[in-house]
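Everything on this sheet refers to the single structure shown next.
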Amino acid sequence: MRFRERQSLHLISLGCTKNLVDSEVMLGRLQSYTLTQELENADVIIINTCGFIESAKQESIQTIFHASSNRKRGALLVVSGCLAERYTKELKEEIPEIDIITGVSDYDKIDSMIAQRRSIESAKVFLADEHNERVIIGSSFHAYIKLSEGCNQACSFCAIPQFKGKLHSRTLQSTLKELTNLYNQGFRDFSFIAQDSSSYMRDLGQKDGLMQLIRAVDNLNLPISARILYLYPSSTSLQLIESIAQSKSFLPYFDMPIQHIADAMLKTMRRGADKATHLELLNAMRAVPHNFVRTSFIIGHPNEDEKAFLELHDFIESFAFDRINLFAYSPQEGTAADSMPNRPNTKITNQRINTLNKIIQSQYKAHNLALVGQEVDAILEGKSEVSEYFYKARLKLWGKDIDGEILINDSEIVDSNNQMLLLKEGYYRVQITQCKDNFLFGKALSHL
């Protein structure tokens, strides 16, 4: 008897970690396929796209064209995700080489679509729950858990509510079940994500949903580390910050994109909170022992004049965030900002970003130098992409892939013959030995 050879699958996940979770759900539905790193050899190619800002759209389109041009004869090309949701008609007309187009509603039906070689377009945005098996990408120790989809905020620059809809939270019980399932599979480090994490369960009538989650996770008494990403200023409270500070499971990690600090800009951007509120929240975060505060800013939004920029400049210089992402304003059709006047030109925007980056890089260097000589709790994640001779680690406090890397090039962990043991993913005590060219180097002292 001759058995049919398993078909091969190549998946490219673009954009944010929320998109990554959806990609992992698709892989969970397609476990009968053999994963291949070689696009040219794949029987099925899936590109889970991002369509948030212009650069993300261009990356998605270029990736689609590359896949179409380089796939083997007969290979199926599937395009999913935000770009596919926003521009279904345009993609069908302009890139007819795409075999299946599906947006953000049917990740759990990907196996049926491929089997039937046809698209499915449902109305309701998909939100993974504990019943959706995932194949976690890139780690056997860390996993993302998505709390909700959609957003009830009305930021002037953001198109997400147009294609992701209103806030749609999963239940507390669903979230806890997924956490427990992942823990039982061996995962120990978790990042909870959403478009607006601090509004979790508000659509279910719970104003303190995220605080309920923190208490419930603590009550599980699991030996884990966790952090919450994407807090929103107008839905974050001092009580929430205190809940995170007192938690035995959640780290004092505060990721709150504030986008600007000048009152005039916060109003123009429709952020729902003023400068005083932002400062109150940020100062409360800074008061938490061993805190880590991360944010993002948009530069060049309409009405950002020199006065507003200088106010932001001085604020960044004085507050010294642990991490900052800077984005040049990207016009999005259908948003309030798209029709606003007084947009700084590209040259001015780039100059402002360059000016701020100099401050930020100086602050990062100071943060890194302060770590040299310290012993820290870290998470080792495997071999580094910098070199096969280094292990890759991060402070336990840091988020995966976004906050930095420690290159481990020495270890005191040895066997009975005093031979250095191979290190596996997990918690370690690490001594930071050097900071060079923005890289931290460390020595593994013990497995925790």
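Each residue, glycine too, has its Cβ placed from N, Cα and C.
Per Swiss-Prot, the feature domain 'MTTase N-terminal' maps to 7-119. For C16, C50, C82, the entry in Swiss-Prot reads [4Fe-4S] cluster 1 binding site, with the evidence type sequence analysis. Positions annotated as domain 'Radical SAM core' by Swiss-Prot, on the basis of sequence analysis: 137-366. Look at Swiss-Prot and you will find C151, C155, C158 tagged as [4Fe-4S] cluster 2 binding site.
Looking only at the binding-site residues C151, C155, C158, the one with its C-alpha closest to C50 ([4Fe-4S] cluster 1 binding site) is C158.
Note: the CA-CA distance between C151 ([4Fe-4S] cluster 2 binding site) and C16 ([4Fe-4S] cluster 1 binding site) rounds to 16 Å. Long-range C-beta contacts of C16 ([4Fe-4S] cluster 1 binding site), restricted to its own chain and to partners at least six residues apart, with a cutoff below 8 Å, comprise C50, F52. When other Cβ atoms within 10 Å of the Cβ of C151 ([4Fe-4S] cluster 2 binding site) are tallied across all protein chains shown, the result is 21. A distance of 13 Å separates the Cα atom of C82 ([4Fe-4S] cluster 1 binding site) from that of C158 ([4Fe-4S] cluster 2 binding site). If you count neighbouring Cβ atoms within 10 Å for each of the binding-site residues C50, C82, C155, the highest count belongs to C82. Same-chain neighbours of the [4Fe-4S] cluster 1 site beyond C16, C50, C82, judged by a C-beta within 8 angstroms of the site's C-beta center, are, in sequence order, L14, G15, K18, N19, T49, G51, F52, A56, G81, L83. Sequence-distant contacts of C158 ([4Fe-4S] cluster 2 binding site), defined as residues of its own chain at least six apart whose C-beta falls under 8 angstroms from its C-beta, comprise C151, Q332, T335. The residues of the domain 'MTTase N-terminal' (7-119), classed with DSSP into helix (H, G, I), strand (E, B) and coil, number 55 helix, 22 strand, 36 coil. For the domain 'MTTase N-terminal' (7-119), the model's average pLDDT works out to 94. The [4Fe-4S] cluster 2 site is set by C151, C155, C158; from the centre of their CB atoms, other residues of the chain with a CB within 8 Å are Q153, A154, F157, A159, I160, P161, Q195, D196.
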